[in-house]
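Pulled from TrEMBL, these are the features on record:
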- 47-64: transmembrane segment (TRANSMEM)
- 76-94: transmembrane segment (TRANSMEM)
- 100-123: transmembrane segment (TRANSMEM)
- 135-157: transmembrane segment (TRANSMEM)
- 169-189: transmembrane segment (TRANSMEM)
- 229-254: transmembrane segment (TRANSMEM)
- 266-288: transmembrane segment (TRANSMEM)
- 300-319: transmembrane segment (TRANSMEM)
- 339-356: transmembrane segment (TRANSMEM)
- 368-393: transmembrane segment (TRANSMEM)
- 399-420: transmembrane segment (TRANSMEM)
Amino acid sequence: MDMKFVMIIILGFGFMFVFTAFQTMCNIEKTILDSIAQEDASFKGEGYTSLAIIYLFFSLSNWLAPSFISFTGPRVAMVVGATTYTAFMITFIFPSTSLLYIGSALLGLGASITWTGQGTYLARCSSSDTISRNSGVFWALLQCSMFFGNLFVYYQFQDKTHIDKETRNLVIGVLTTVAVLGIVFLAALRFMANNAESDNELEQKHTGCGQAIYAFKLAGQLFCTKKMLLLSLAFFYTGLELSFFSGVFGSAIGFTSQIAATPKEIVGLVGICIGAGEVFGGGLFGILASKTTRYGRDPIVIAGYLMHMAAFFLTFINLPNSAPFKDTTDISYLDPPRASIALICAFLLGLGDACFNTQIYSMLGGEYVNNAVGAFALFKFTQSVAAAISFFYSAHFGLYVQLAILVVTGTIGTVAFVIVEWSFKRQHREQEAFEK
């Protein structure tokens, strides 16, 4: 087997274990913190605020991530960043409002170098012929994290209306151990040489602080191009929908009292269904990578958009407007709310997210190979800005306003992505005609 593809698999397993811990915690954080607050009146930590802080620091530090990676390389950056995920998990064992928010800020800083390093390493292990396959395989492995953690949570939260301290510490301890295992996989990655002109120039012509400054300038120049500005609209939407399905959707179901006798246990099933959609999408696009390359990325993104619109409509008629905030007996248009519809929506949200993200990875790794570090940093910057904004307004806006925002930004982002994809297709046709 090609060594570069082996590294993609190891990369996928590393992220799978780290994000088994983190994505599961995102899914249950609001529920966990509410349980802590019921036992400790002095604890004022708020789940949506914690997640907003994570993505605020994530977005701001993304501008510095290329400079950091110019010093350390992507492998070291991913290992260092992954340790901040582990530190964040540990803060839940020692409940403290200030410690929670400090851990959230630290994680945001670490996330920027983790994800920019991942995108850079993925691009270095890929060519224009393999980038779609590698993106799909990595995404499928990553999203397997939604299965294991949430399945564990489902059994631990079963028949519980309140998550007691013993259950919390058991869940957090197991998830922390899994995150450490992911760090071990990331540390096992081999060095991969640059395959990008700008990265080679960075190493050959600049040293020390000059590398960091040059990397920052390249990212700024790339962000100001017409195509990247258009793609930023698609990036922005992925941030909003990420925060919705990872932090808001599961909590809203857990707070809807009439959806089941013990709605808290359904939160784990929701995460599993989201993961099933993500893994199915990533695996499918990895297997069909050659056809994706031939027919373009736009049909897949449009399909993902339609799936998300269907999920938003079903959520609108199934869950009450007050569901994201606290336990409620309110109902929406369906009386009573249907757990089966909520799980279908979860699968559609996961599959649609896979459609968007695998094709964005394919485009950035294939079309922006000459500045992969900058391209992936800008993607994560825009995505995390959107996620931070979303988590801030999630604490104040009802479910229906949040769904309306997603519908509008999803439409705009999809149109923008299609325009850029058509532009690249036209560019490739012109280049082929010129070479003939």
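Using N, Cα and C of the backbone, Cβ positions are placed for all residues, glycine too.
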Seg_contact(the transmembrane segment (76-94), the transmembrane segment (135-157)) with at least 3 CB pairs under 8 angstroms, min sep 6: no
Most Cβ pairs under 8 Å with the transmembrane segment (300-319), selected from 100-123, 135-157, 266-288, 368-393, 399-420: 399-420
Contact yes or no, the transmembrane segment (100-123) and the transmembrane segment (368-393), 3+ Cβ pairs under 8 Å, gap 6+: yes
Chain residues outside the transmembrane segment (169-189) and at least six past its termini with a C-beta under 8 angstroms from it: 7, 10-11, 13-22, 24-25, 28, 75, 78-79, 82-83, 85-86, 89-90, 92-93, 121, 148-149, 152-153, 156
